[in-house]
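The next block holds one structure in the form of structure tokens; read it before the comments.
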Amino acid sequence: MSKRNSVTCVKPSDPPFLKKLKERVGYKEGPSIDTKRERRPVDDVDPDLDDEKPVVVVLEAGDLTAEEAEMVIQSQVSDDEPSDGKIMFKKPTKRKDSTSPTDRQAKRLKEVDKSRRQQANSVRDSRLLSFGDDDDVC
């Protein structure tokens, strides 16, 4: 056996004054390396507890009740899983053409912005000093 394999770490005990302080405060030791390596039992009993589920509020006569909402959730879960176990791909649903009005608005905004810039440039040009020959008339 080589010397490298026989190396161990011995953690010194706390001094007496630290032990007393920890007892007064109620300090608990954090996880050590041994506790981190422990295998914990898997809790797959019921991941969705009743208090974690969303609350169903019925405001009007046509609203869903809690039982109807549960039935809808169960039907969605059953629809998502294929019956024969194969992976099924669905075609994406087409969206309405909502980009055309925004494109038109964007073009209008660009035109308005461009006209404002041109007006600002013309105002700047008129304010500039001119050192032309027409000022030298005596």
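Our numbering is plain: 1 for the first residue shown, then up by one each step along the chain.
Cβ atoms here come from the backbone N, Cα and C positions, even for glycine.
Keep in mind the model is a prediction, meaning the values are calculated, not measured.
Listed in TrEMBL:
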- 1-53: region 'Disordered' (REGION)
- 10-135: domain 'DUF4604' (DOMAIN)
- 34-43: compositional bias 'Basic and acidic residues' (COMPBIAS)
- 74-138: region 'Disordered' (REGION)
- 104-116: compositional bias 'Basic and acidic residues' (COMPBIAS)
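DSSP assignment over the compositional bias 'Basic and acidic residues' (34-43) gives 4 helix, 0 strand, 6 coil.
DSSP places the residues of the compositional bias 'Basic and acidic residues' (104-116) in helix, strand and coil in these numbers: 13 helix, 0 strand, 0 coil.
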